[in-house]
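Asks: Can you read through this structure? Questions will come right after.
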């Protein structure tokens, strides 16, 4: 009989390497969709062989909710082409399928599997360092931001597959520091957060309100704001949809944020629908009517036929789902955080809780000025969260390998 853990492990390695790390290097755009489809097929086999269909309640719920938005977008709103709507439907599902299928399958990695994964992480870190030192980041990984994105996932996996020692924590931070070559403000902020979580965070900080914890959190938050202030000031304070000088490439993001409150006000409950705003499908597959309605169709990077920056952020796209969707998004993260703490209470491994919280921090920070959540980085982060919740890295019996 085929081992579920072994099969899932192979899937995870392929996702890590080709659906994430080398995704832009080889330029096979459909690979992540294919991997998610394979995961769905594998989940179907898992249901048939184990009869554990109840494990997939979360997946069925998410599919049901997204199908409601799909039909609402296709037959009610009609602000974009059917092809664009269906494309966005698939894109929105990818990280959610990755999380809930992994959560349902609940694989357990053996000592041997963790050692292999650890060595792969070291090799990929060496590759990234070499590429950075040679000044070839854009050539190999398409954009300098992927130095930070890739090393966040790789360093986190290395730590999950290692013993929780001071030496390994320091080495993990050193691996993470390779991402600084990307010179992205959001990664600077995440790097500060990672240092805090690795060396000063305690689980009770989120449970007990104490003055010293409040002060420490304020200090860390202030440092994160300081290192990322240039972009924060631009997006949330000085946003101007007509500004095209120093921040020409990010003017589109600022414009998307600036118009978001107006759209929420006009489409409060179920939002503007799939493929309507701040997503790849809303501009590259078909051009949404929402952009012209709110005067965004002449902003650099949002122009029909030249939408290169239309999906360079995530949070504004939540207007597609309205207030109901935003509430559901918050409920999702509340569920994940609750499950992380439940797993910690069961296994006592603060090491895994730390990485889980960092994965959430990574997604939140990246979502301010990037759509990583819907790409390979977000898919891997969601898989890691599910693996942590299901204690995949704690199983040390070689027979399951």
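Cβ coordinates are placed from backbone N, Cα and C, and glycine is handled just like the others.
Per TrEMBL, the feature domain 'O-antigen ligase-related' maps to 173-330. Taken from TrEMBL, the feature transmembrane segment covers 7-24, 30-48, 60-77, 89-109, 116-137, 143-161, 173-201, 213-229, 318-337, 357-389.
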Asks: Six or more residues out from either end of the transmembrane segment (116-137), which same-chain residues have a Cβ under 8 Å from its Cβ atoms?
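Replies: That would be 13, 16-17, 21, 109, 143-144, 146-147, 150-151, 154-155, 157-158, 161-162, 175, 178, 181-182.
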Asks: Near the transmembrane segment (89-109), which residues from the same chain, at least 6 beyond its ends, have a CB less than 8 A from one of its CBs?
Replies: 4-5, 8-9, 15, 32-33, 36, 39-40, 42-43, 46, 52, 55-56, 58-59, 62-63, 66, 69-70, 73, 117, 161, 274, 279-281, 336, 373-374, 378-383, 385-387, 389-395, 397, 400
Asks: At a C-beta cut-off of under 8 Å, are there same-chain residues at least 6 beyond the transmembrane segment (318-337) that contact it? List them, or none.
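Replies: Residues 65, 69, 88, 99, 260, 263-264, 267-279, 356-357, 360, 385, 389.
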Asks: Return the average pLDDT for the domain 'O-antigen ligase-related' (173-330) as a whole number.
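Replies: Mean pLDDT across the domain 'O-antigen ligase-related' (173-330) comes out at 82.
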Asks: For the transmembrane segment (30-48), what are the same-chain contacts with Cβ under 8 Å, counting residues 6+ beyond its ends?
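Replies: Counting only partners 6 or more residues beyond its ends, the transmembrane segment (30-48) has Cβ contacts under 8 Å with 4, 7-8, 11, 14-15, 18-20, 23, 56, 59, 90, 93-94, 97-98, 101-102, 104-105, 375-376, 379.
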Asks: So which of 60-77, 173-201, 357-389 has the most C-beta pairs under 8 Å when paired with the transmembrane segment (7-24)?
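Replies: Between the stretches 60-77, 173-201, 357-389, 357-389 has the largest tally.
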Asks: Within the same chain, where does the transmembrane segment (60-77) have neighbours whose Cβ lies under 8 angstroms from its own Cβ atoms, ignoring anything closer than 6 residues to its ends? I mean 6 or more beyond.
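Replies: Contacts of the transmembrane segment (60-77) (Cβ under 8 Å, skipping residues fewer than 6 from its ends): 85-86, 89, 92-93, 96-97, 100, 270, 272-276, 320-321, 325, 328.
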